[in-house]
Amino acid sequence: MRRHALQLFARAVRASAPRPHPQRPLHQPVSWLSFLLLLVTGGGIIVYYDKEKKRHIEELKNNTNSVKPAQSVGTAAIGGPFSLLNHDGKAVTEKDFLGKWTLLYFGFTHCPDICPDELQKMAAAINKIKEKAKLEIVPVFISVDPERDTVEQVHDYVKEFHQDLIGLTGTSDEVRKVARAYRVYYMKTEEEGSDYLVDHSIVMYLMNPKMEFVKFFGKNYDEDTLAEGIIKEVRDRFCCTGVVLL
């Protein structure tokens, strides 16, 4: 997001810089008024984009904090129907995950560091949960970069992290729909060609076997606290309902 703002700032620099007048020297210095206007314009752009990013993140937190537990009366504000393709090219909907505890993460395969770190953490936590609590958690990666993340690209990507990791992708409209359902913020940076980044929420969503939202886990969780947090949520729901949700 800040990188995008800086790009717009650079454009503002080029747009605001005074052009040489035919009757004036070519190397006339920029006036203090023009320089001040340039600083105000550029600073305003950066502040605006920082504010927008913080607003999206705060909105995500407010939505998730206001969600009632899945077993309570009412419908969770996070989650919903979706239709995507898995990494084998098969059509998949939310119904394919019914009866399973599912952990969702939204990202993109060209992500340089954050997505690989989060998926490695997810994979390690999944293994710890299986070892410590004998629980099967289905890990799912959903792309927010439909332009580049083809079925083949996602197939090769997910297998680098965990043999059970399911990769999902789709058209721009399909990705937009599932992202909206899960309150996921994402924005493509404006760069020429295919060399661009996608700014997005860094959150994992725990869904119960009814595909109802239970809890989200942010970047501040490591593999141990993530595993412990998921085990606690599963056990709490077993204790409250008396039904085994595995």
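Here the Cβ of each residue, glycine as well, is placed from N, Cα and C on the backbone.
Secondary structure from DSSP puts CYS111 (Cu cation binding site) in coil. Non-local neighbourhood of CYS111 (Cu cation binding site): LEU197, VAL198, each in the same chain, at least six residues away, with C-beta under 8 Å from its C-beta. Positions annotated as Cu cation binding site by TrEMBL: CYS111, CYS115, HIS200.
Feature annotation from TrEMBL assigns disulfide bond to CYS111-CYS115.
Mean pLDDT for the domain 'Thioredoxin' (73-236) in this predicted model: 95. Marked as domain 'Thioredoxin' by TrEMBL: 73-236.
Marked as transmembrane segment by TrEMBL: 31-49.
The Cβ of CYS115 (Cu cation binding site) lies under 8 Å from the Cβ of TYR105, GLY107, PHE108, THR109, each of these being in the same chain and 6 or more residues away along the sequence. Sequence-distant contacts of HIS200 (Cu cation binding site), defined as residues of its own chain at least six apart whose C-beta falls under 8 angstroms from its C-beta, comprise PHE106, GLY107, PHE108, VAL144, VAL184, TYR185, TYR186, MET187.
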